[in-house]
């Protein structure tokens, strides 16, 4: 179980199959939304074999889906297995996360979008061979796993069809067959989208989309806040992508006309995802509430540019450096060395799993002891007050809901985002979070620090008021925070106060 999004999705999946678990947690108890298919598959595993085994099984299946999708796509592009492995090495190790500048990633954990990208790669593979109904089915499945990944990929495919296969796009008979197929395979996404669109939204002085886009997730959705060096990365990727694609499709020896056409078509598809990426950049200065940006218009283009660059660069290197028998031997040796280094790293990480949960999940022995005490002594279902930034794993370790965590902002409904904002503000001692929010700057670090300082500065009256408001008789603080409340348990790092 990793340290990033698995801490979101696996506990959410457990709550889905066991609604009594963390029932009062504002994040873990939110409706499944676009995660429904993922939670139907992995939710039962979390209750039977636990989070760690579910993570291992999920990663195995997710990486297998990506591997099959990429291998199938690479065959259509005339990419040999050693060259594909070289491309994957370039994708994974040159830039982490694997996306160019919007923080998108493909490998590193288990969550719905892993399976969505696997389906997108399968869709691209059959698209290049002209099997458009199968392409429609795969795109719908991608949307069912992740509405945004599948949705943006579907829009990019429509742009591609208008550019490269206009006769197919304008064929009404194909649409009559494609629409029911897409509706069937994307049923989980359509259900989530319709549910959100039809849910009434209460009037509020605070825009949930503004909070989500500019306060919590500017690194993913707000290009105005991205650092200058990220734009240099984007320029570098565009130059390498364009240069290597031009070389591979125009000047390098071509295996056959079909492969050449497929490579050109794939190049054009990546450009179509970049059209959506560019549209997001153009919209950003005018979308002052984040109503469009909250839907991650950069997501698919961010990853597809990185993937396309890796594939075309690997093909170019195959032509420039690894030609002939000596080149093949050199590439094989490089891959074997990389496999050896990675195998050693994997072995070290596998051995560390014996200590799960550990520092990888943000857990230390004192936190485990604190969570165990809460699990044994606090009535089932009662929320526990804890810092708004730190101690993120406390809820699923102790089986008791948190009031709110800055890391875990709900996305299923506007009402939940507004309630999350109120709770985070309360835990920070009434901190004016909007004063820290600047659309031109990513201030998440300053916000986290201000929230931490605010919570650590709460006095007895403020903590008691939080207990009364959120119907909790327990508060966890760091050991240095002194309150005039009964001390129920403490260790070298944390103290539990009662009321």
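Glycine too: its Cβ is placed from the backbone N, Cα and C atoms.
What TrEMBL lists as transmembrane segment is 36-57, 77-94, 114-134, 140-163, 175-198, 231-252, 264-284, 296-315, 327-344.
Under the criterion of 3 or more C-beta pairs below 8 Å, with sequence separation of 6 or more, the transmembrane segment (114-134) and the transmembrane segment (231-252) do not qualify as touching, having fewer than 3 such pairs. With pairs at least 6 apart in sequence, the transmembrane segment (327-344) and the transmembrane segment (264-284) have fewer than 3 Cβ pairs within the 8 Å limit; the two do not touch. Across 36-57, 77-94, 140-163, 296-315, the stretch most heavily in contact with the transmembrane segment (327-344), judged by Cβ pairs under 8 Å, is 77-94. When each of 36-57, 77-94, 140-163 is scored by its Cβ pairs under 8 Å to the transmembrane segment (296-315), the top-ranked stretch turns out to be 77-94.
Long-range contacts of the transmembrane segment (140-163) within the same chain, counting only residues at least 6 positions beyond its ends with a Cβ under 8 Å from a Cβ of the stretch, are 34, 37-38, 112-113, 115-117, 119-120, 123, 127, 169, 181-190, 192-193, 265, 268-269, 272-273, 275-276, 295-297, 299-301, 304.
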